[in-house]
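Below is one structure, written out as structure tokens; the observations come after it.
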Amino acid sequence: MSLEQKKGADIISKILQIQNSIGKTTSPSTLKTKLSEISRKEQENARIQSKLSDLQKKKIDIDNKLLKEKQNLIKEEILERKKLEVLTKKQQKDEIEHQKKLKREIDAIKASTQYITDVSISSYNNTIPETEPEYDLFISHASEDKEDFVRPLAETLQQLGVNVWYDEFTLKVGDSLRQKIDSGLRNSKYGTVVLSTDFIKKDWTNYELDGLVAREMNGHKMILPIWHKITKNDVLDYSPNLADKVALNTSVNSIEEIAHQLADVILNR
């Protein structure tokens, strides 16, 4: 009970006391005095009740403001929580992508190391050395890209005097595909990689690329990349190292232009 409420209760109690003190024996003058006192007390009580009413209204206003502020605070907390959830999901997604890229790089290094080991063992086991042909350029590509680009490129390079290792020119019926590819990789001065969406899906093309990377890891810079109907983001996702190399692009250069630029590098023109 507040102080004002206590005052009001005391006044009502006094009014009741005065009313109870009025009896049949009360003289007219005393009755008049008591009635006047009751009237004053009632007026005082009315003022107190009015003040209490004002205080109650103010309290309700304050409570409403506090409730509204609390609701706004809850909304802000919910919004911040959602923002944090979105940020956390993005960070998790970025971390997963980073781990995938890291795994691809590790797998490539493992494959390159295995390739070096396989080649070393193969060389050791071949006690009678065979003379293998040498090539200026090894062309690594997906079969889906032969018709529209790779075959015309290989033919144009030959016309320019470049000795090309290209499966249609080199492989014969009965040849071991893996042995011939290993021989071509070992005995080529340079290797051009025709990067396309089909290329990155193939096991054989990845095997060939691992062989070229292994050569480069031994200090021989030889990879000459060509982007064919592929975006930079695709290449970045596949191999950040390849994406960092200066590449020719079939969307910018014609087959003849690409062939001449390759020949200039290979033949030191």
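Glycine too: its Cβ is placed from the backbone N, Cα and C atoms.
Marked as active site by Swiss-Prot: Glu208. The local packing around Glu208 (active site), expressed as other Cβ atoms within 10 Å of its Cβ over all shown chains, amounts to 23.
Sequence-distant contacts (6 or more apart, same chain, Cβ under 8 Å) of Lys245 (NAD(+) binding site) comprise Ile223, Pro225. Following the DSSP three-state reduction, the secondary structure of Lys245 (NAD(+) binding site) is coil. Per Swiss-Prot, the feature NAD(+) binding site maps to Ser143, Lys172, Lys202, Lys245.
The coiled coil feature in Swiss-Prot is assigned to 31-99; the stated evidence is sequence analysis.
Note on the domain 'TIR' (133-266): its mean pLDDT in the predicted model is 88. If you look up Swiss-Prot, you'll see 133-266 marked as domain 'TIR'.
As annotated by Swiss-Prot, site 'Important for ADPR cyclization' applies to Trp204. Taking all protein chains in view, 16 other C-beta atoms sit within 10 angstroms of the C-beta of Trp204 (site 'Important for ADPR cyclization'). When secondary structure is read from DSSP and collapsed to three states, Trp204 (site 'Important for ADPR cyclization') falls in the helix class.
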### Query
If you measure Ser143 (NAD(+) binding site) to Trp204 (site 'Important for ADPR cyclization') at Cα, how many Å is it?
10
